[in-house]
Amino acid sequence: QRRVYRMTTHVPQELGQIMDSETFEKSRLYQLDKSTFSFWSGLYSEVEGTMILLCGGIPFLWKLSGRISGHAGFGQEYEIVQSLVFLLLATLFSAVTGLPWSLYNTFVIEEKHGFNQQTLGFFFKDAVKKFVVTQCILLPVTSLLLYIIKIGGDYFFIYAWLFTLIVSLVLVTIYADYIAPLFDKFIPLPEGELKQQIETMAKSIDFPLTKVYVVEGSKRSSHSNAYFYGFFKNKRIVLFDTLLEDYSALNKEPAEEDGENEETKSKTKSKKQGCKNEEVLAVLGHELGHWKLGHTVKNIIISQMNSFLCFFLFAVLIGRKELFTAFGFYDTQPTLIGLMIIFQFIFSPYNEVLSFCLTVLSRRFEFQADAFAKELGKAKDLYSALIKLNKDNLGFPVSDWIFSMWHYSHPPLLERLQALKDAKQE
């Protein structure tokens, strides 16, 4: 794919009608920079992981966690406490070592190509907040999971799976209402033509819409998105402000704007960005297609079947002492370390195969959702919306087929446009 970025310097003939040479070159350079960054950051991660294994980093951190918990009055019999200290130190190490890469990606690559809207202060405040929120969720959930495994007996894998299922459903339910607002501001979409059209479309397909929000994603990036969330009869739609053409922060007081400008950059768009109302409706038609066609439920079922299988195999393998010995644990077999060894390392080949299968399935779902939008009479508007979103996000429309088959969860732009073009002709 990198060779495609380097060698494809002119707009291909089939793209001549949908992309000008200036945008094409901008997207090529952006994706080339992202590819270079991905290579070096990935290489660093591999080297770091290899050195941690070769130098005994995992058993060292476990012993350090034991000393820290011991100083706090918890002996070796308090394995769960030691596990939580280990987890805290491991995630802290990961956050610190990943910080330079995140800074470079945000303030060099994204800044260079006009996407970054954050100041350094906002970035660090956001990073600290994410770390704290993650620990507030991760540590209690992990402690309960370890406790269930300890007392669950021969069928602990069933109880562990049920626990993770409940946790995942709870997190999905509360994320948009209680967690996401900690990082971004969600504003109800004001009464008007767009909201009325969204409600009409939702009603036409029996989508139980309760609220429509606009999230100020432009505080951190110029990239755009839209999604829905919620269970049963309580569905909500979220639109990024960058998705809406000529969007200005709704119902925002001047004093509030002044306060936000201290943390985020104030940039005036040099050109129109986002989609017209009909195009926004087409994008939502695609997203609602995922719901109507049962894609969300199917993904949950697949995820939980995989989770159950993994816990079952974990139950089979956890008693094998040689697994712990191979990773430097000669005298102890901590449950958390067993989870790490089996899920992260032993299952690694399986996870790669599963990831590829899910990528193939995701692409199929995307085509089906596009076809659903077409059935709603949105083929023409979705066609133009995909082109606009690709331009706004500087997506490169030319792909190496092997690379895209393995990595792209969404079909390449040209394939989606061709399917919609055929639909329009029909």
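Glycine is no exception: its Cβ is also placed from the backbone N, Cα and C atoms.
Whatever TrEMBL says is automated annotation, not expert-curated.
Lifted from TrEMBL, the feature list:
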- 80-104: transmembrane segment (TRANSMEM)
- 131-149: transmembrane segment (TRANSMEM)
- 155-176: transmembrane segment (TRANSMEM)
- 188-422: domain 'Peptidase M48' (DOMAIN)
- HIS286, HIS290, GLU366: Zn(2+) binding site (BINDING)
- 308-330: transmembrane segment (TRANSMEM)
- 336-361: transmembrane segment (TRANSMEM)
- ASP370: active site, proton donor (ACT_SITE)
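Structure with TrEMBL features highlighted.
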residue	record	CB count, 10 Å
HIS286	Zn(2+) binding site	24
HIS290	Zn(2+) binding site	20
GLU366	Zn(2+) binding site	21
ASP370	active site, proton donor	25
Original post:
What other residues of the same chain, not counting HIS286, HIS290, GLU366, have a CB atom within 8 A of the CB centroid of the Zn(2+) site?
Top reply: GLU287, GLY289, HIS295, PHE365, GLN368, ALA369, ASP370, PHE372, ALA373
Original post:
Ranking 80-104, 155-176, 308-330 by Cβ pairs under 8 Å to the transmembrane segment (131-149), which is first?
Top reply: 80-104
Subject >> Between HIS290 (Zn(2+) binding site) and ASP370 (active site, proton donor): CA-CA distance (Å) >> reply: 9
